[in-house]
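Chemist: Can you keep this structure in mind? I'll have questions shortly.
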Amino acid sequence: GLDVASYRERVRAMFYHAYEHYLESAFPYDELRPLTCDGQDTWGSFSLTLIDALDTLLILGNVSEFQRVVNVLQEGVDFDIDVNASVFETNIRVVGGLLSAHLLSRKAGVEVEAGWPCSGPLLRMAEEAARKLLPAFQTPTGMPYGTVNLLHGVNPGETPVTCTAGIGTFIVEFATLSHLTGDPVFEDVARKALKALWKNRSDIGLVGNHIDVITAKWVAQDAGIGAGVDSYFEYLVKGAILLQDKELMSMFLEYNKAIKNYTKFDDWYLWVQMYKGTVSMPVFQSLEAYWPGLQSLIGDVDNAMRTFLNYYTVWKQFGGLPEFYNIPQGYTVDKREGYPLRPELIESAMYLYRATRDPTLLELGRDAVESIEKISKVDCGFATIKDLRDHRLDNRMESFFLAETIKYLYLLFDPDNFIHNDGSDFDVVVTPFGECVLSAGGYIFNTEAHPIDPAALHCCRKRKEEQWEVEDLMREFYSRKKTKKFTLKRAPDRGEGENAKDPEDVSSEKAGEKRNSKKSSHSLLSCPSQSFNSKLAVLGQVFLDNT
């Protein structure tokens, strides 16, 4: 068999070759330009590669560099900038990267705040970045614009045409934010956008590629599983798992039937007209290679393997996946011969290897390592492959190379990584809301390979400010009645020992700080005009003052 340990070490070396050159030649720009050994801003101006690579550092076991980068980002990244940013890319790379790093920071030995994981500097940064995206969602349909100015909101004259993925790829990050911060607005807008796409599917159950977010008219009516649509389907499944949400899963399963009926031929997926179901493009796109991994997540492993093996034959033909591949002709499509070191096929291999332990999957990993090293490695990093036929390179190293491609390769070759935890091992963390279990596994990767610990969503009861205020009021109320019998405890008793101090003291200053912070959402309880009676009616629970 294949020497897994030696490939793991080669992947680690690839990471550092790219990462060190980014730091040396490109930081604080977004991305490294590996042919000229300098940097450029691409998606904004926030040292994107650093944010995107942060959790990869921990997966490779580098806690000291993780801690250093956390400090660098806290000092140096500012979202109050006059930059037009992609709503989609900023969400998956910046918000996703910061949330994942926030949730992993305790594991990485960072000194976390008393209120963690319900508070912390990286969480505040993620929330700040996400708030900058909210103006994009203010449309008649609830479907967001594709671009937003981080300072001014949506530019006047902004195009209302957004791709399907740019509308349906928010629920993982935004629901996580809402659950951690207690502000429901993020999850609400993400859900509304998902539902709007669902409502606008065609009679045969398909969605197109681009839609007008003002009128809800489909502008590009090609239906398929690849570019422009891909992560919408992915987030229905991952959102369903993360939130244990049957509605999201049933939407996906309906789409899955339509996709099988209309777009699947011999374990390939084609593009079809969304209303008629007629084939519009018989091409395979490299972005579609995520699909077998997604099928494995819903337990459809046999179909996933068959499709994966088709895609692997294309890889073997070129030493990489061309962006487009003409299925009937068995060759690349003109102007689409490149391979920007994308992760999707490796991502599917990682999932399928966990499900099947089939050694063929490790062979794809080996081929990817050999191919990327042979074709794209340069003195200053790794360069996008412009043409798989003659191996010409482009002066670009996308941040997803370190966020996703390297991470999935490493995880494929590292079966004992903490990310693969099966639940036999976990941490118990004391939060202001009681004890909570973390790091038990079951991580959900966002579409930029940033792992979210699903258990963290249960650590912070949803409406933080109300929670604190009600308990303060209740305490005031009960102390006036001079009875101790009903004292509300913030957490179950912890018995003896270090953590047995009264739960009231856990981070009480933090509570005060949170309540008085300017940013906090307007709590239901903060209206001074309300009488004390109605102040105690919160979320349907009424506490009467019978004194």
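Backbone N, Cα and C define each Cβ position, glycine as well.
Per TrEMBL, active site, proton donor is recorded for GLU89, GLU323. Summarising the annotation, TrEMBL assigns active site to ASP230, GLU344. The Ca(2+) binding site feature in TrEMBL is assigned to THR447. According to TrEMBL, the feature region 'Disordered' maps to 488-528. Feature annotation from TrEMBL assigns compositional bias 'Basic and acidic residues' to 490-515.
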Chemist: Could you state the whole-number distance in Å separating the C-alpha atoms of GLU344 (active site) and the residue listed as 'Ca(2+) binding site'?
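Modeler: About 10 Å separates the two Cα atoms.
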Chemist: Tell me, how many other CB atoms lie within 10 A of the CB of GLU344 (active site), whichever protein chain they belong to?
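Modeler: Result for GLU344 (active site): 25 neighbouring Cβ atoms inside 10 Å.
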Chemist: Round to a whole number and give the Cα-to-Cα distance in Å for the pair THR447 (Ca(2+) binding site) and ASP230 (active site).
Modeler: 10
Chemist: Tell me the Cβ neighbour count for THR447 (Ca(2+) binding site), meaning other Cβ atoms within 10 Å of its Cβ, over all protein chains shown.
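Modeler: Summing over all protein chains shown, THR447 (Ca(2+) binding site) has 25 other Cβ atoms within 10 Å.
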Chemist: At the level of the C-alpha atoms, what whole-angstrom distance separates GLU89 (active site, proton donor) and GLU323 (active site, proton donor)?
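Modeler: So the alpha carbons of GLU89 (active site, proton donor) and GLU323 (active site, proton donor) sit roughly 19 Å from each other.
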Chemist: Within its own chain, what residues at least 6 apart in sequence put their Cβ under 8 Å from the Cβ of GLU323 (active site, proton donor), listed in sequence order?
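Modeler: In sequence order, the residues whose Cβ lies under 8 Å from that of GLU323 (active site, proton donor) (at least 6 apart) are GLN285, SER286, LEU287, VAL333, ARG336, GLU337, GLY338, TYR339, PRO340.
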Chemist: Would you count the other CB atoms within 10 A of the CB of ASP230 (active site), including those on all shown protein chains?
Modeler: 25
